[in-house]
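Novice: Sharing a structure, written as structure tokens. Questions coming.
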């Protein structure tokens with residue numbers, strides 16, 4: 001009679017296999033090791049294979065995005081060596097990272113080189129060559145970007161559309177664009193975001209150091225801005241989201257720039273700018289305006305005629321000091337009828353320029369003279 005033992009063993013093994021729990025995604029993910037990628041395609045294809053991604057000396061082909069979208073929760077991305085992008089006219093972005101609880105950082109000598117000079121023609125996004133935006137930090141939630149050194153972006157450097165994102169000690173160096181035709185090289189463009197903290201940033205460029213177009217609970221501290229258009233809110237109005245609320249710029253310097261502090265809203269649009277603080281801002285070498293708040297932007301340019309559809313309320317301007325050029329205006333405020341309310345100004349000491357006689361509808365608590 002055949003032995004039943006093998007049958008028993010098979011049944012036992014089969015039962016054990018059925019009883020064993022399936023490995024969870026979290027367990028599987030935690031077991032994965034560091035992966036080092038040296039080409040963009042493999043990095044994009046295999047980005048969910050590791051908990052720690054190292055990008056080493058990658059050259060991204062022309063017209064392609066280094067795509068790290070939809071990373072696994074908790075992933076760390078580290079740039080090593082030089083990351084470069086080859087030239088092609090297109091909209092970009094050159095780099096995209098998204099996910100939750102993501103850390104983006106680099107080794108001490110790494111450079112993210114956008115090769116912007118190949119696109120620069122003095123036109124920026126207003127014409128000439130089609131230029132790609134550099135880094136989309138969109139849907140990069142509960143995350144941190146730390147210590148990146150970004151050089152020569154074709155146009156705007158970092159576009160932020162995220163919630164609860166910390167950006168610390170990032171350098172954006174587009175200073176070569178001063179002599180080579182850089183234009184619209186914004187440092188940080190923030191839209192439709194909440195709880196964004198930027199500390200210790202250094203921005204050398206030819207447009208806004210920071211531009212907040214919409215969003216709430218945004219904090220910028222310890223920044224060093226030079227060559228551009230200053231610390232800006234707006235233009236607000238005419239977008240899907242037209243609210244900017246609870247924004248603080250503090251303990252920062254703006255030098256060799258067109259403006260120091262700026263808020264601008266769109267003519268005949270609607271929206272809200274509320275609970276805004278500029279505190280301890282040091283200015284030097286400002287060519288146009290030390291402080292400028294105006295409600296007259298149309299098709300990207302000021303018209304001199306304000307409207308009141310966007311309200312600007314609860315604004316604190318304190319301890320803004322320094323110098324502007326002799327033909328610059330120290331303070332310029334152009335509000336619509338009744339749309340600017342509840343402002344306070346204190347500790348304003350801006351010297352070297354002119355006092356504007358063209359201010360309109362200046363709210364109680366503010367002044368165009370010192």
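Each residue, glycine too, has its Cβ placed from N, Cα and C.
So Swiss-Prot says this about it:
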- 207: active site, proton donor (ACT_SITE)
- 229: active site (ACT_SITE)
- 35-50: disulfide bond (DISULFID)
- 209-225: disulfide bond (DISULFID)
- 335-340: disulfide bond (DISULFID)
- 359-368: disulfide bond (DISULFID)
- 246: N-linked glycosylation site (CARBOHYD)
- 162-192: repeat 'PbH1 1' (REPEAT)
- 193-214: repeat 'PbH1 2' (REPEAT)
- 215-235: repeat 'PbH1 3' (REPEAT)
- 244-265: repeat 'PbH1 4' (REPEAT)
- 273-295: repeat 'PbH1 5' (REPEAT)
- 307-352: repeat 'PbH1 6' (REPEAT)
- 1-19: signal peptide (SIGNAL)
Novice: Quick one: Cα separation, residue 35 (disulfide bond) versus residue 368 (disulfide bond), in Å?
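Specialist: So the Cα of residue 368 (disulfide bond) lies 57 Å away from that of residue 35 (disulfide bond).
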Novice: Tell me the Cβ neighbour count for residue 335 (disulfide bond), meaning other Cβ atoms within 10 Å of its Cβ, over all protein chains shown.
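Specialist: Residue 335 (disulfide bond) is surrounded by 25 other Cβ atoms within 10 Å.
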Novice: Helix, strand, coil residue numbers for the repeat 'PbH1 1' (162-192) per DSSP?
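Specialist: Residue counts in helix, strand and coil order: 4 helix, 12 strand, 15 coil.
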Novice: Can you name the far-off residues of the same chain, 6+ from the ends of the repeat 'PbH1 3' (215-235), with a Cβ under 8 Å from a Cβ of it?
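Specialist: Answer is 174-175, 178, 185-187, 190-209, 241, 243-266, 273, 276, 278, 281, 286, 297, 300.
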Novice: Return the stretch with the most CB pairs under 8 A relative to the repeat 'PbH1 6' (307-352), choosing among 162-192, 193-214, 244-265.
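Specialist: Per the Cβ under 8 Å count, 244-265.
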Novice: Fill in the CA-CA distance, residue 209 (disulfide bond) to residue 246 (N-linked glycosylation site), as an integer in Å.
Specialist: 19
Novice: Cα of residue 229 (active site) to Cα of residue 335 (disulfide bond): how many Å, rounded?
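Specialist: The Cα atom of residue 229 (active site) is 20 Å away from the Cα atom of residue 335 (disulfide bond).
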Novice: Determine, to the nearest whole angstrom, how far the Cα atom of residue 246 (N-linked glycosylation site) is from the Cα atom of residue 50 (disulfide bond).
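Specialist: Given the Cα positions, residue 246 (N-linked glycosylation site) is 37 Å from residue 50 (disulfide bond).
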